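Peer 1: One structure coming up, written as structure tokens, with questions to follow.
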Amino acid sequence: MARPRPAALVWRVALHLFLATGALLMALPFIWMVLSSFKDISQVFVVPPTWWPSPAHPENLANAWNALPFARAYLNSAYITVTIVVMQLLTCAMAAYAFARIRFPFRGGLFVLFLATLMVPSQLTVIPLYLIMKWIGWLDTHWAIIVPAALFNAFGVFMLRQFIKGIPVALEEAAIVDGASRWTVFWHIVLPLLRAPLAALGIFSFLAQWNNFFGPLIFLSTPEKFTVPLLVAQFKGQYTTDFPLMMAAASIAVVPVLVVFVLGQRYIVEGIALTGVTR
Amino acid sequence: MRVKTPWTSSEGRASTVAPPTASPERAAEGGRPGPRASSAARRRLGEAAWGFAFVGPQLVGLVVFVLGPLVFAIALSLMTWDGFGTREFVGLENFAQQARDETFWVSLRNTAYFTALLLPSDLICSLLVALAVNNVRGKVLYRLFFFMPVVTSSVAVSVVWLWLLNGEFGPVNSYLRDWFGIEPPNWIVDPAWVIPAIALVSLWRGIGFTMVIFLAGLQGIPRTLVEAAEIDGAGALRTFWHVTLPMLSPTILFLTITSMIGSFQVFDLAYVMTNGGPGDASRTLVFHIYDLAFVDFEFGASAASAVVLFVILLVLTLAQLWAQRRWVYYEE
């Protein structure tokens with residue numbers, strides 16, 4: 001790097017200023033959210049608004065937690081999301097392997113069909129899906145949310161297929177010559193090589209499923225079964241004017257996710273970029 | 001070719017299983033019939049079986065949870081049904097009825113307005129941020145901050161911004177009044193400003209995602225091109241316009257298409273923040289679809305609106321893909 005000329009230095013300071021302002025704008029609502037969850041209602045209407053709660057009311061958090069079944073909601077969100085992600089990774093990898101490596105009739109047309117569904121907005125299929133779930137009896141159960149997502153992810157299939165195509169065929173052929181079945185080749189050779197895209201897809205999928213609101217909104221009606229986003233919406237509906245309490249609920253919903261994000265952010269952000277740029 | 005693998009038996013038995021799939025087909029292409037032909041057919045059958053076995057789960061998902069419902073949705077759009085009573089085939093009446101329905105057009109207009117506000121601002125702001133991040137140290141830290149809103153639940157975001165954007169005591173308006181001396185709009189309550197408000201929140205929420213994709217695109221531009229431009233005496237602006245932007249155009253196309261599709265499907269914010277209000281001012285197309293189905297129980301009309309959404313998205317995407325020849329540069 002050449003020694004920084006004064007103009008370049010000014011430029012760099014300006015960039016940092018620009019980015020720091022942006023970063024602050026991104027973070028401020030969260031700071032407001034956490035600080036305000038300690039306020040009481042009287043502090044809401046203060047003009048100009050204060051940032052720091054005085055006096056602080058930490059019991060807001062406990063009240064919010066207990067007002068609605070948050071523990072349950074976290075449990076629901078967690079096991080639903082993990083189940084979906086694990087199943088998705090497995091079924092997508094299997095399908096991707098078939099599309100990339102196995103010759104079977106209609107393979108080409110089927111793959112195009114998969115891609116075509118990427119065009120179909122979920123809102124078009126959700127109403128019939130609701131009626132189907134009603135008919136099966138899965139309304140207000142978690143099955144209605146888990147099964148469709150676990151068994152279908154066209155984007156995942158597409159992305160993994162591209163990656164598998166990049167793996168040298170020789171590796172698999174060697175194993176096939178040795179008498180390995182397709183499944184063994186898939187499980188022991190191909191899958192370990194897919195670690196990076198699988199991680200990216202898994203993270204992407206985890207985020208999407210955890211924050212999914214429309215699906216649970218449509219299929220679930222008992223609060224004990226709600227996922228975290230749905231419960232927060234319920235909170236908003238019940239305590240519409242109790243802003244500090246709502247901030248507490250939002251904090252409960254958001255802060256753990258943020259902590260996980262900060263800890264794993266490198267993988268998450270790189271994963272998103274990975275999924276977005278594989279053409 | 002003998003490879004030591006976990007499943008090879010230790011005695012090294014002779015392989016009785018088919019060699020790689022290439023050879024039986026080559027034998028068949030050679031046009032020589034014989035004992036190989038039937039075993040080749042059996043192998044192909046075995047392959048096909050494996051193929052369908054692997055694709056199976058996703059195939060089931062595709063048919064049962066996407067194709068089936070899709071066909072069902074199109075059929076539904078041609079019927080009236082409330083989910084309980086009788087179904088009645090009414091042809092295109094649902095579409096005609098929606099065309100006559102003022103709230104349908106309001107929903108469509110609101111959604112288009114929302115997209116028109118969000119799409120350019122998102123692309124431009126994210127590109128600016130990505131360019132800045134790409135040229136400074138501390139990329140990881142900045143990326144983290146900008147991406148935080150992306151990982152947050154839209155519902156929690158809505159709840160927080162409801163307070164932030166409150167007309168009387170919300171901090172946004174307070175600061176606008178104190179620092180700029182203007183009388184800011186009553187964001188959520190004023191019908192003229194509610195869509196811009198939701199667009200603002202969506203922008204805040206989405207910049208990080210778009211920025212990260214742009215960053216990846218920027219980092220894919222070969223340094224040699226940029227350096228060549230510098231050597232030729234091009235300033236920063238010219239380099240941007242003639243090198244960076246063209247090389248970035250596939251990414252821009254990808255983001256334009258995906259962001260447009262996403263914007264047209266806006267629902268969470270409109271539902272949680274304002275419930276389509278005030279009145280119908282923030283009623284979006286997906287909100288309309290939801291409302292018709294789960295509030296009015298008019299599944300036929302709802303499906304018809306959803307079909308319209310689908311067609312709009314299809315047309316917009318195809319238009320983009322057709323237009324790409326004009327402005328997208330692909331390196332050969």
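Every residue gets a Cβ built from N, Cα and C, even glycine.
Found this in TrEMBL, in case it helps:
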COMPBIAS  B:1-13  compositional bias 'Polar residues'
REGION    B:1-38  region 'Disordered'
TRANSMEM  B:52-79  transmembrane segment
DOMAIN    B:108-320  domain 'ABC transmembrane type-1'
TRANSMEM  B:112-133  transmembrane segment
TRANSMEM  B:140-164  transmembrane segment
TRANSMEM  B:193-218  transmembrane segment
TRANSMEM  B:239-261  transmembrane segment
TRANSMEM  B:299-323  transmembrane segment
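Can you walk me through where each of these features ends up in the structure?
Peer 2: Taking Cβ pairs closer than 8 Å, the transmembrane segment (B:112-133) reaches residues 139, 142-143, 146, 195-196, 198-199, 202-203, 206-207, 210-212, 214-215, 218, 240, 244, 248, 252, 255-256, 259-260, 263-264, 266, 284 in its own chain, all 6 or more past its ends.
When Cβ-Cβ distances below 8 Å are used as the criterion, the transmembrane segment (B:239-261) is approached by residues 115, 118-119, 122-123, 127, 131, 206, 210, 213-214, 216-218, 220-221, 225-226, 229-230, 313, 316-317, 320-321, 324, 327-331 of the same chain, each at least six residues removed from its ends.
Below 8 angstroms of C-beta separation, residues 73-74, 76-83, 90, 94-95, 97-98, 104, 107, 253, 256-257, 260-261, 264-265, 285-286, 288-290, 292-293 of the same chain, each at least six residues beyond the ends of the transmembrane segment (B:299-323), sit close to that stretch.
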